[in-house]
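Peer 1: This is the feature table in TrEMBL:
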BINDING   B:Met41, B:Ala190  substrate binding site
BINDING   B:Arg117, B:Ser163  ATP binding site
Amino acid sequence: MKSIYLEKIRLQNPLIHNITNIVAANYCANGLLAIGASPIMSANVEEMEEVPALSQALVINIGTLIGKEAEAMLLAGKTANKIGIPVVLDPVGVGATSYRKQIISQLLAEVQFALIRGNAGELATIAGEDWQAKGVDAGDGNADMNSIAKKVANQYQSVVAISGEVDVVSDGVKTVNIHNGTPMFPKITASGCLLSSVCGAFLAVAEKQHYFDAVVEACTAYAVAGEILAEKLSPTDNGQFYVGLLDQLASLSVEKIEQYGRVNNV
Amino acid sequence: MKSIYLEKIRLQNPLIHNITNIVAANYCANGLLAIGASPIMSANVEEMEEVPALSQALVINIGTLIGKEAEAMLLAGKTANKIGIPVVLDPVGVGATSYRKQIISQLLAEVQFALIRGNAGELATIAGEDWQAKGVDAGDGNADMNSIAKKVANQYQSVVAISGEVDVVSDGVKTVNIHNGTPMFPKITASGCLLSSVCGAFLAVAEKQHYFDAVVEACTAYAVAGEILAEKLSPTDNGQFYVGLLDQLASLSVEKIEQYGRVNNV
Amino acid sequence: MKSIYLEKIRLQNPLIHNITNIVAANYCANGLLAIGASPIMSANVEEMEEVPALSQALVINIGTLIGKEAEAMLLAGKTANKIGIPVVLDPVGVGATSYRKQIISQLLAEVQFALIRGNAGELATIAGEDWQAKGVDAGDGNADMNSIAKKVANQYQSVVAISGEVDVVSDGVKTVNIHNGTPMFPKITASGCLLSSVCGAFLAVAEKQHYFDAVVEACTAYAVAGEILAEKLSPTDNGQFYVGLLDQLASLSVEKIEQYGRVNNV
């Protein structure tokens with residue numbers, strides 16, 4: 001695959017507004033800095049018109065809703081739509097509770113997303129498929145991920161990315177599978193949250209008609225970074241993987257993405 | 001000592017619901033993944049019936065109460081009691097403020113805990129002993145930890161674990177001392193919070209009549225992981241200890257626990 | 001330069017009350033432990049009279065305001081003033097939104113600060129200078145940092161520290177430039193937040209008439225720690241820098257500060 005957007009991020013250093021959770025906030029900020037973007041992490045209702053207006057993308061992550069985050073997310077999402085910056089939705093654990101389902105329904109109804117990114121269980125839930133999620137982890141089920149990605153993409157007029165052993169990205173018309181990554185990713189917390197933020201950075205530097213390509217590159221770049229890192233570690237080096245991923249993102253190059261990337265159309 | 005529950009965690013991969021603080025949330029999630037469990041970190045009042053119902057244990061940690069966490073903790077605790085999953089209480093800094101004392105009193109009055117785990121200052125406060133705590137750190141005092149553990153265990157019909165240079169675990173009848181660990185533990189933040197979460201994972205895979213054994217194994221396993229790690233580091237390698245502990249938890253084995261564990265009855 | 005306060009921190013182990021954000025809370029706690037202080041991270045309105053009263057310094061950081069933090073900050077700040085412990089203000093991203101500007105105005109009007117510490121953009125905003133901040137990052141502008149530091153110091157009768165390639169510290173009369181540090185600092189999140197907390201630890205062990213010296217030593221010590229670390233790393237080792245800084249802070253010595261420190265009066 002061809003890498004176009006990584007270099008643009010490094011040149012343009014886009015500001016990415018994250019409304020995220022208390023588990024992932026630090027890692028998302030560090031990961032965005034590593035990839036070459038700038039993070040701003042506000043979830044304050046009072047700031048949801050000004051912060052998106054300063055930013056080049058907005059990432060909404062429902063991982064831990066403790067205050068008025070849901071209200072902030074709706075307001076920020078609408079502001080971002082008005083301004084025209086891309087909005088990413090990470091529906092963390094949407095299958096776990098009716099509250100999360102309701103928040104996601106409302107967000108999907110009132111905000112136009114450039115990307116919906118989650119694991120198999122989260123996207124199966126959004127697609128209305130039968131799935132046994134496990135809290136915020138992917139869980140098990142038999143649904144076909146390519147069909148689910150396509151279905152959700154068409155329903156919400158958004159790019160959809162499903163992370164897993166094989167990543168699936170679809171815009172409803174084109175669908176690709178990305179055969180990169182490592183089993184280390186699900187062993188650390190916030191690896192999905194950070195990917196959503198990284199996707200935000202790639203979308204921030206892409207034209208609207210290239211959002212699909214930008215997401216494919218983002219997911220491939222991220223999976224390649226993890227894959228290269230895992231080659232050097234043992235399968236129980238969870239802590240080293242967590243920290244080392246930041247180094248890999250910072251040292252990632254067009255060459256590595258193009259050399260390692262294994263992407264095919266389905 | 002004999003290790004029984006570590007392997008069960010790795011096989012059953014229990015889901016542990018954590019209501020925890022903004023300092024420790026990330027480390028608890030990563031540490032639970034490392035030991036072989038799955039974390040879910042919700043503190044939202046709206047989710048406190050559904051999330052415990054999905055989980056195999058609940059860990060309540062009062063480290064930073066900023067929103068409606070106290071309300072969420074009570075509701076989640078009662079739900080967990082109804083369902084019959086074990087509940088862990090980590091009374092972080094309970095001696096520091098009257099608000100924390102009041103929250104802990106209420107939790108102890110309305111929720112049945114499988115385990116109360118804290119440092120010397122926190123348990124001395126709960127026992128009503130004279131103690132000079134230092135914020136959320138252990139502080140100094142002369143109380144006998146074995147008596148305090150036994151007293152609190154009897155009063156609340158709960159296992160009690162007091163972390164320190166020597167760990168004490170008591171169910172009110174049996175009391176053991178664990179002579180493992182390293183002075184590095186108090187040099188990193190959230191090491192106690194993570195131990196509480198790890199105890200939650202061990203309790204999740206134990207029968208009720210074996211909760212005491214499960215907590216002894218959890219505390220020993222955790223102390224052994226730190227001890228093995230500290231052998232390879234210098235006393236000022238705080239950052240490496242923080243990260244390396246995740247690797248040690250992930251690579252911990254029955255053999256290591258049984259070889260290193262130094263546990264005696266008192 | 002001469003190092004006086006580092007050893008005092010290690011001997012006195014002061015308790016530092018931090019009202020900080022979800023991105024930096026963990027790193028500030030770990031960094032304070034590394035430098036030899038103890039952290040307590042409460043932002044609960046109910047605790048804002050008792051926690052400052054236990055503490056030797058208070059650090060207020062407006063990075064992510066999600067609940068009633070603003071109210072808590074005012075109350076804690078006033079309590080700290082009453083008791084006489086030093087208060088640090090970190091006006092994170094104050095230029096980004098009118099809400100942040102308003103909170104900072106109110107804090108500056110109602111609380112007497114021992115130190116206001118931020119990046120160029122934040123201090124330029126407080127000084128009323130024209131500046132193009134970038135979210136919570138420094139951004140660009142032409143203002144002279146020495147004048148800005150001096151101006152704000154005089155206006156608020158506080159020491160002012162501006163972090164950047166060259167750090168500026170002023171009390172309105174004396175002004176110094178610190179030529180230490182590394183370009184790695186802005187590549188990790190929370191490096192400014194942690195410096196504010198570290199300054200809190202240095203102020204906690206200094207007499208009021210030496211606050212300026214304590215801040216100069218804190219900023220120099222911190223910059224030296226980063227500089228020594230960066231010598232051993234590659235410019236893309238973001239993750240290793242983030243973690244290694246804790247090791248460096250823990251192993252920092254009077255000798256290293258005095259050997260590496262390059263501080264001059266302006």
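Cβ from N, Cα, C; glycine included.
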Peer 1: Mind pulling out which binding-site residues among B:Met41, B:Arg117, B:Ser163, B:Ala190 sit under 8 Å from chain C, Cβ to Cβ?
Peer 2: B:Ala190
Peer 1: In terms of DSSP three-state secondary structure, what is the assignment for B:Ala190 (substrate binding site)?
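Peer 2: B:Ala190 (substrate binding site) sits in coil per DSSP, no helix or strand.
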Peer 1: Write down the Cα-Cα distance for B:Ala190 (substrate binding site) and B:Arg117 (ATP binding site), rounded and given in Å.
Peer 2: 13
Peer 1: I want to check the contact list for B:Ser163 (ATP binding site): same chain, sequence separation of six or more, C-beta distance under 8 angstroms. What comes out?
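Peer 2: For B:Ser163 (ATP binding site), the qualifying residues are B:Arg117, B:Gly118, B:Asn119, B:Phe185, B:Gly192, B:Leu195, B:Cys219.
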Peer 1: Among the binding-site residues B:Met41, B:Arg117, B:Ser163, B:Ala190, state which ones have a Cβ less than 8 Å from a Cβ of chain A, giving them in sequence order; state 'none' otherwise.
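Peer 2: Filtering B:Met41, B:Arg117, B:Ser163, B:Ala190 for a Cβ under 8 Å from chain A leaves B:Met41.
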Peer 1: Can you count the other CB atoms that lie within 10 A of the CB of B:Arg117 (ATP binding site)?
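Peer 2: Looking across every protein chain shown, the total is 32.
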Peer 1: Here are the binding-site residues: B:Met41, B:Ala190. Which has the lowest count of other Cβ atoms within 10 Å?
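Peer 2: Counting other Cβ atoms within 10 Å of each of the binding-site residues B:Met41, B:Ala190, the minimum falls on B:Ala190.
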Peer 1: According to DSSP, folded down to helix, strand and coil, what is B:Ser163 (ATP binding site)?
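Peer 2: Going by the DSSP assignment, B:Ser163 (ATP binding site) falls within a strand, counted as strand.
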